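*Asks:* Let me begin by handing over the structure; questions about it come next.
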Amino acid sequence: MAMRAKGIRKNCQHLWRWGTMLLGMLMICSAAANLWVTVYYGVPVWKEATTTLFCASDAKAYDTEAHNVWATHACVPTNPNPQEVVLENVTENFNMWKNNMVEQMHEDIISLWDQSLKPCVKLTPLCVTLNCTDLNTNNTTNTTELSIIVVWEQRGKGEMRNCSFNITTSIRDKVQREYALFYKLDVEPIDDNKNTTNNTKYRLINCNTSVITQACPKVSFEPIPIHYCTPTGFALLKCNDKKFNGTGPCTNVSTVQCTHGIRPVVSTQLLLNGSLAEEEVVIRSENFTNNAKTIIVQLNVSVEINCTRPNNHTRKRVTLGPGRVWYTTGEILGNIRQAHCNISRAQWNNTLQQIATTLREQFGNKTIAFNQSSGGDPEIVMHSFNCGGEFFYCNSTQLFNSAWNVTSNGTWSVTRKQKDTGDIITLPCRIKQIINRWQVVGKAMYALPIKGLIRCSSNITGLLLTRDGGGENQTTEIFRPGGGDMRDNWRSELYKYKVVKIEPLGVAPTKAKRRVVQREKRAVGMLGAMFLGFLGAAGSTMGATSMALTVQARQLLSGIVQQQNNLLRAIKAQQHLLQLTVWGIKQLQARILAVERYLKDQQLLGFWGCSGKLICTTAVPWNASWSNKTLDQIWNNMTWMEWDREIDNYTHLIYTLIEESQNQQEKNQQELLQLDKWASLWTWSDITKWLWYIKIFIMIVGGLIGLRIVFAVLSIVNRVRQGYSPLSFQTLLPNPRGPDRPEGTEEGGGERGRDGSTRLVHGFLALVWDDLRSLCLFSYHRLRDLLLIVARIVELLGRRGWEVLKYWWNLLQYWSQELKNSAVSLVNVTAIAVAEGTDRVIEVVQRIYRAFLHIPRRIRQGFERALL
């Protein structure tokens, strides 16, 4: 029996040992598998966005005396050392045809033109009948002038008309007769038969369709470079691929704060003073197969175009009423000559050849034909632009009148409608003073006449082309100059940029967990409070309201931001009174956006308990359903952008869990701080605490009585099972003896029993003492046994661990010695082989050397044999 008990005890010891080891391994594995959400602030993550851009411009780039229509004096100064950071191993998608920067620049230019013309004079009183005749001046050309000047004089005749009309003076009921010179394109006949050549009655061309506003006297239309900049929290991504076609992925990406200087040149057909391609000519279109889409051509070498208005004009003032002055052309000094532009024929032909080469690559090696515009408004049919304040409309037929094809031997075959004459292409130009404003329908502008001669020089850096439709089987593709939509002009410069919003907050799994006060209670009512307004919790209790502080703080911030937006809208609505330009509004918006982005990020960090931290651990366990990748795959093989796309659908959920965890932590800390009342012993004797003392005493007494009853019942049940019948709690209960302990006799024989009969204790204090003693002894024995088992396990694990370490140390020493011996042996063998090889090489060299030395001797011996 004893042997059996000993065997059972031994088996139990093995079971305890293996069970404890398995439990430890399970705990280690479970601890290793636990991952926790960690917050990172400042991660390089961005997302496509649209935001308000503000402008920067060089303060010295414009004349301080004249007000340029672009209002660059309201822009911030440019950064003398702009920073551009190249993003290594980054591929980003760009789309120049769906770029909000283009729309924003278009709206800005419209607003600038509107604001520039708002205070200027309306020319409604000029919508009267004009009696006009062709303007002729005395021809003072002498015989020494060049023949080409005479030709231009003949072309210039009939371009201007001398008109007289009645106008109201400062006194309303008084009319006076005035005269003025108008360009032929600015007036139209009002006779019934407009095709006759002897019409004398005319009117301004836009009187029946548009409201004409005269440009203010000191407004300059000279384009000034404008840099578009992003506010803090946003950035510009720039594509640096030299052959980027405007859409698709770009592998050479950098980030900048501002664009390069973009000149807002309003022109058609030809793009002037823009940026050039770095290598070969680049063509861009939203869809090359759709002939309705404009093709933007970017040249790699600019072509200079020089334009002139030879006439020496004077300016005349006509008073239209109180405070309203109309400026018109007074007279022309000298000969009337037509305005014109000159382009080098060789440069232009070389440019067309490069464009044709690029177009042939795109459209299947067909013949590339350039033809004149197919018709439309004068702005579309002719190359229109501003030169020195005057608006030129130049006939570009001579530029687009050729067909280009490659012959079988690889040379270019060029067919022209007109033969080339001279080294210079001269484009005849006409000037208009009443301009259809390209940005607004139903409004026109009267450009003031410019005194003196006008000359301007520009660089052609691109073209706007349209392709004629037709079948796929045709052998010739016809391209015509286009334009008119100024968005294409801005798009030709903004194609390489896109606006992104920086997302500095990132979450990722790590093994680090925030140490928190452990109290597994959830914040009751938190989810319901999410739907309450900022003031919706005013009627709730203070406890319920305190659970929704996060929601209220968020709504408070959004209220501040909304208020700022309302103020901005009010300022924008009253900018004509405040004299704010569109750039001033944008700067205010940019500053508000920067503050808003910063406050939002700091607000989230504050909600999560991460204020002022770049890396912040949390108590939120990582859910494998968000991403089941391992830590090595995440941290060693993925960028922050890839990781953000991986968990983008769960980011809001993770943020919510972090907020709930932080709220629970703060509630637990609050309850823990309430326990500090026990540190104040002076309040223990307070009369208000007596009821608590009595309640605690009653609970202790009740617990002891209940415990005593339980023990008594268990004792009775145990003795009943052994055959005793307890008649009373005062019955003496004999303690059983063992089989080897005989009872005593009357003669005193035998051993005196040390264990006599005992009776149940009686009395309240005796019962309490006996029960407490039994409970303490039981707890002591169990704890002692547990500590012995733990100590034995620790001792065993320590001994086994030490043996394993010694084994690995001996194994390491053994293999180190083996590697050392192998290395020494390898070095010895190598040295022997090298020595033997060296000896052989030396021996061969010596033999060759001796052979060379013996050559004279062998020759002498040969001669001796020959003589013998």
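Glycine too: its Cβ is placed from the backbone N, Cα and C atoms.
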*Asks:* Choosing among Cys75, Cys163, Cys207, which residue does Swiss-Prot name as bonded to Cys132 by a disulfide?
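*Replies:* Among Cys75, Cys163, Cys207, the cysteine that Swiss-Prot links to Cys132 by a disulfide bond is Cys163.
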*Asks:* Where Swiss-Prot annotates a disulfide for Cys207, which of Cys120, Cys127, Cys258, Cys307 is the other cysteine?
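*Replies:* Candidates were Cys120, Cys127, Cys258, Cys307; Swiss-Prot matches Cys207 with Cys127.
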*Asks:* Swiss-Prot tags one of Asn142, Asn828 as N-linked glycosylation site; which one?
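*Replies:* Of the listed residues, Swiss-Prot records N-linked glycosylation site for Asn142.
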*Asks:* State the residue range annotated as region 'Immunosuppression' by Swiss-Prot; the candidates are 92-110, 282-300, 586-604.
*Replies:* 586-604
*Asks:* Taking just the CA atoms, what is the gap between Asn349 (N-linked glycosylation site) and Asn405 (N-linked glycosylation site) in Å?
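*Replies:* Roughly 13 Å, rounded to the nearest whole number.
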*Asks:* What Cα-Cα separation, expressed in whole Å, is found between Asn287 (N-linked glycosylation site) and Asn273 (N-linked glycosylation site)?
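*Replies:* With distance taken Cα to Cα, Asn273 (N-linked glycosylation site) is 26 Å from Asn287 (N-linked glycosylation site).
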*Asks:* Over the span of the coiled coil (645-679), how high is the average pLDDT in this prediction?
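*Replies:* Mean pLDDT for the coiled coil (645-679): 82.
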*Asks:* CA-CA, which of the glycosylation sites Asn208, Asn273, Asn371, Asn637 lies nearest Asn459 (N-linked glycosylation site)?
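*Replies:* Nearest by Cα distance to Asn459 (N-linked glycosylation site): Asn273.
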*Asks:* Sort the glycosylation sites Asn342, Asn371, Asn637 by C-alpha distance from Asn208 (N-linked glycosylation site) and give me just the closest.
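*Replies:* That would be Asn371, nearest by Cα distance.
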*Asks:* Based on Cβ atoms within 10 Å, give me the single least packed residue among the glycosylation sites Asn166, Asn273, Asn371.
*Replies:* Asn166
*Asks:* Per DSSP, what is the helix/strand/coil residue tally across the region 'Immunosuppression' (586-604)?
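*Replies:* Grouping H, G, I as helix and E, B as strand yields 19 helix, 0 strand, 0 coil.
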*Asks:* Take the C-alpha atoms of Asn405 (N-linked glycosylation site) and Asn637 (N-linked glycosylation site) and report the distance between them in angstrom, rounded.
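*Replies:* Checking the Cα atoms of Asn405 (N-linked glycosylation site) and Asn637 (N-linked glycosylation site) gives a distance of 52 Å.
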*Asks:* Where does Asn349 (N-linked glycosylation site) sit in the DSSP three-state scheme?
*Replies:* helix
